[in-house]
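Undergrad: Got a structure for you, questions after.
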Amino acid sequence: MTALSHNVMVAVIGAGAMGAGIAQVAAQAGHRVQLYDSRPGAAAQAIAAIDQHLGKRVANGKLAASARAECLARLRPAAQLDELADAGLVIEAIVEKLEVKRELLGQLESLCRSDCILASNTSSISITQLAAGLAHPQRLVGMHFFNPAPVMALVEVVSGLATASQIAECIKDTALAWGKQPVLARSTPGFIVNRVARPFYAESLRLLQEQVSDCASLDALLREAGGFAMGAFELTDLIGHDVNYAVTCSVFDAYYQDRRFTPSLVQKALVDAGYLGRKSGRGFYDYHQHALRPQPLSLESQAVPDTLFVEGEPGLLAPLLERLASAGLVLSHRPGNGLLRIGQATLALSDGRLASQRARDEGLSNLVLLDLALDYASARRLGISWAADTSPAAIDQVVALLNAAGIALTALRDSPALCVLRTVVCLANEGADALLHGVASAADIDLAMCAGVNYPCGPLAWADALGIGYTVQVLSNLQAAYGEERYRPSLHLRRLLAEGACFHE
Ligand code: NAI
């Protein structure tokens, strides 16, 4: 089955933020669209807002005036539900309540043509559960857009137990024809994005709770070393803590309270206090007028860096060494097992053990550990932590070295896998579990995280780049350090490791 033809009339139910956006997308793609909302006047109001929005795009030279007029001509408010009887696709984007959605779908089933596809934009309700009780459950599919729908590329096409595969394929092709990036997912809690993204928030929240660093510094690390568009605290302030916390709780409950998804007490406190983020003027940060935005803390050194001795193969740190050499620092190579030595300090990429633990295990003194960067050649900041017996002079040498290459440094309290590294391996671990459970393909999981939440790299491709062996080692060390199920490496990762394979061959 191919994409729905342009002649097919599309109906959108619910004229809130999502419904209005979806109606605009369908109309811009060339469909006649009827928009219905149970609140009288809401559909017409939403169409007027779309007109205004498109008007601004015309004024900015981003849209032709004719395209605006054509789009508007295709959009029509419906006063009654039965005006939608001719639709070939109905997308519901009404309130997120199972019973209300079920009742609507039942009405639609008796009203619409037998070949009409019914789609739900739900972000958290099971498509299987929504379809139960319908006479033709095979024609119900999830079509999960992201907010704002006209801007965000991703659409998760979600199949419940009964959804016909041709229907899912048709909606996938239709989303593609609408200029979107569709991915196929099986209906499981959180689908792809809302499940795989949980550790992005959870690990930063945990680091804050454990006083590893402050919000501004942890956010800066995820941005300036991790390459993420926003850190977890600024992002959850934007999303709203009520919304983000509710999604975490719903995923946690839906997975029978799997401890891996345990919600954060730090975030609950914000919700309890009414500190919901930007919309309430206060979340992790203060958004009131004239409020000062805290800056990330950075270590600085005035020392002249010594020669850096590179012992053996530097592995993932090779681009960093090239950068240091280009910055004019003196590097000297000698045999060894991948450690870097400068002055009294020993420098290494974290393997997930505490610095003090690793120093003791390997008999290293003055150990300083580096956090992961998406790209060491361009990272503006890196996280470091050190063992309890590391001297201030040793730390100063490391800081001088990295500062000399233009890298800001954030000191983290000794914590397993620091910040970016633990976030990335936990994202990859969750992606691996989603793959293990047949929720989606590896390609679609990575695409979903890049197109849906703007990750700089799909978590599975990132694990491939780090090496499956290293990813499993870091997770195992995290698990050993915390003694928690939360970090247990997915069987899929262990299987890849045993097979000598990776996610994307
Ligand atoms: P909203 O509250 O802005 O809009 C919902 C609209 O549906 C309201 O205008 C309401 O009057 C109307 N409505 C409620 N019950 C109705 C019924 N029985 N029949 C007809 N209209 C009815 O909600 P929003 O944010 O647009 O969300 C809608 C759906 O999209 C929900 O299922 C939500 O989970 C999902 N979603 C929301 C996202 C978001 O970021 N807001 C992102 C992706 C999905």
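Each residue, glycine too, has its Cβ placed from N, Cα and C.
Here's the feature list from TrEMBL:
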type	residues	note
DOMAIN	10-186	domain '3-hydroxyacyl-CoA dehydrogenase NAD binding'
DOMAIN	190-287	domain '3-hydroxyacyl-CoA dehydrogenase C-terminal'
DOMAIN	347-416	domain '3-hydroxybutyryl-CoA dehydrogenase reduced Rossmann-fold'
DOMAIN	421-500	domain '3-hydroxyacyl-CoA dehydrogenase C-terminal'
Undergrad: Mean pLDDT, the domain '3-hydroxybutyryl-CoA dehydrogenase reduced Rossmann-fold' (347-416)?
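TA: Per the prediction, mean pLDDT sits at 98 for the domain '3-hydroxybutyryl-CoA dehydrogenase reduced Rossmann-fold' (347-416).
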Undergrad: How do the residues of the domain '3-hydroxyacyl-CoA dehydrogenase C-terminal' (190-287) split into helix, strand and coil according to DSSP?
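TA: Going by DSSP assignments, the domain '3-hydroxyacyl-CoA dehydrogenase C-terminal' (190-287) contains 63 helix, 3 strand, 32 coil.
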Undergrad: With DSSP as the yardstick, break the domain '3-hydroxybutyryl-CoA dehydrogenase reduced Rossmann-fold' (347-416) down into helix, strand and coil residue counts.
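TA: The breakdown for the domain '3-hydroxybutyryl-CoA dehydrogenase reduced Rossmann-fold' (347-416) reads 21 helix, 17 strand, 32 coil.
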